[in-house]
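Accompanying notes for the structure given below.
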């Protein structure tokens with residue numbers, strides 16, 4: 001009953017509101033660049049913050065379906081906005097690395113992309129998100145058909161794992177935060193897997 | 001002001017500001033974030049401070065810091081400082097040569113290495129309880145590295161006493177090695193025969209060797225060491241090429257004659 005009230009209250013909220021809300025972390029970063037609030041190594045902070053926001057959005061996107069199973073609250077209408085925002089932050093994170101951190105030293109960038117496992121894993125995550133971002137529009141759904149589109153968008157699961165593993169691998173010691181993200185992603189995916197297995201079981205019974 | 005004299009071993013590069021040097025630190029005893037040491041190190045009691053010197057020395061014992069400092073001449077050493085994470089600074093340390101202290105306590109012939117330990121005081125160091133590393137933080141040098149004139153025990157920077165987050169009251173500075181070798185807030189120095197265990201090597205032996213000399217041709221397994229970001233340029237901090245031995249090859253390359261530095265990384 002509460003879920004219905006929440007769903008009703010959300011009905012007039014346009015997805016645009018989610019996009020605007022999603023730009024707040026970026027706005028805060030930009031303000032801090034100009035006020036010096038990022039400390040003495042702003043590039044590392046920007047790089048890290050953009051990556052972390054992307055990971056938070058990916059986890060948020062993965063929560064939308066389980067939230068509906070659990071509570072009946074339906075946020076599916078906002079999922080595209082959450083996904084595209086996640087891609088936007090991943091792309092900015094990658095650009096920060098290329099432009100501000102490595103400063104287009106292509107030799108080193110090339111070596112990193114072939115030799116450093118955490119960078120390779122991060123790049124794979126970005127590559128997986130690319131087709132999802134390109135097809136995140138109604139036209140693509142119509143052209144691909146709902147089933148095919150949905151199958152393609154299951155790449156989100158792999159991208160989420162890649163993002164979380166990328167974070168765990170780049171930290172020098174076992175820290176709580178990256179492990180928390182990886183734990184959340186794994187739990188959210190395991191939940192889906194368990195549910196679809198159970199359903200398959202029910203069907204065959 | 002300490003009034004430390006100048007040294008010919010100083011670089012003429014422009015030092016980073018005190019603000020930069022004292023707000024961006026890796027000192028995991030206070031937390032993982034680089035701002036954590038500046039945030040929490042205030043609680044650290046640095047006076048009184050004693051350093052236990054032992055092992056293969058003629059005069060072992062617990063030395064009061066004040067006693068160690070009487071009889072040494074403090075000088076300013078402006079050194080490049082290169083972190084293994086591929087960022088760097090230029091830091092005007094105040095200190096004295098480690099060799100002075102070692103000669104004073106008398107190194108016995110069997111000694112081949114020097115082992116150092118950092119203070120472990122959980123009630124003043126909030127990172128200790130979090131267990132990020134196997135405390136105490138441990139570091140070590142080969143005796144010839146320890147005796148090199150570039151190797152100093154630093155008690156200050158910018159001609160003032162060492163900020164606590166930078167390793168007060170006394171820390172090691174070895175400018176041709178990655179920053180983690182320059183152990184902070186030292187409470188124990190031992191002269192030993194065998195290569196001592198060192199903290200990062202214990203955690204990830206594949207990634208951190210005992211020597212840990214700055215070397216642009218030997219990459220860390222997870223990132224390149226070919227270049228570094230020089231802290232201080234803000235948003236557009238320039239990336240510069242990393243120099244062999246952090247630019248101190250003239251003074252230290254001979255220490256490693258005949259060694260394969262890709263093996264002994």
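Cβ from N, Cα, C; glycine included.
Proximity of distant same-chain residues to the transmembrane segment (A:12-33), defined by a Cβ-Cβ separation under 8 Å and at least 6 residues beyond the stretch ends, is recorded for 42, 46, 49-50, 53, 57, 77-78, 80-82, 84-85, 88-89, 92. The feature transmembrane segment is assigned by TrEMBL to A:12-33 (among others).
For A:51-163, the entry in TrEMBL reads domain 'Ferric oxidoreductase'.
Under the heading transmembrane segment, TrEMBL lists A:53-70 (among others).
Counting same-chain residues at least six beyond the ends of the transmembrane segment (A:82-100), those with a Cβ under 8 angstroms from any Cβ of the stretch are 18-19, 22-23, 25-26, 43, 46-47, 50-51, 53-54, 57-58, 60-61, 64, 109, 122-123, 125-126, 129-130, 132-133, 136, 156, 163. The feature transmembrane segment is assigned by TrEMBL to A:82-100 (among others).
The transmembrane segment annotation in TrEMBL covers A:116-134 (among others).
Marked as transmembrane segment by TrEMBL: A:155-172 (among others). Listed as Cβ neighbours of the transmembrane segment (A:155-172) (distance under 8 Å, sequence separation of 6 or more from its ends, same chain) are residues 51-52, 54-55, 58-59, 61-62, 83, 90, 117-118, 121-122, 124-125, 128-129, 131-132, 178-179, 181-182, 184-186, 188-189, 192.
The annotation transmembrane segment is assigned in TrEMBL to A:178-194 (among others).
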At a C-beta cut-off of under 8 Å, are there same-chain residues at least 6 beyond the transmembrane segment (A:53-70) that contact it? List them, or none. 22, 25-26, 76, 78-79, 82-83, 85-87, 89-90, 93, 156-157, 159-160, 163-164, 167, 181, 184-185, 188-189, 191-192, 195
Which whole number is the mean pLDDT over the domain 'Ferric oxidoreductase' (A:51-163)? 96
By DSSP, what is the split of the domain 'Ferric oxidoreductase' (A:51-163) into helix, strand and coil residues? 99 helix, 0 strand, 14 coil
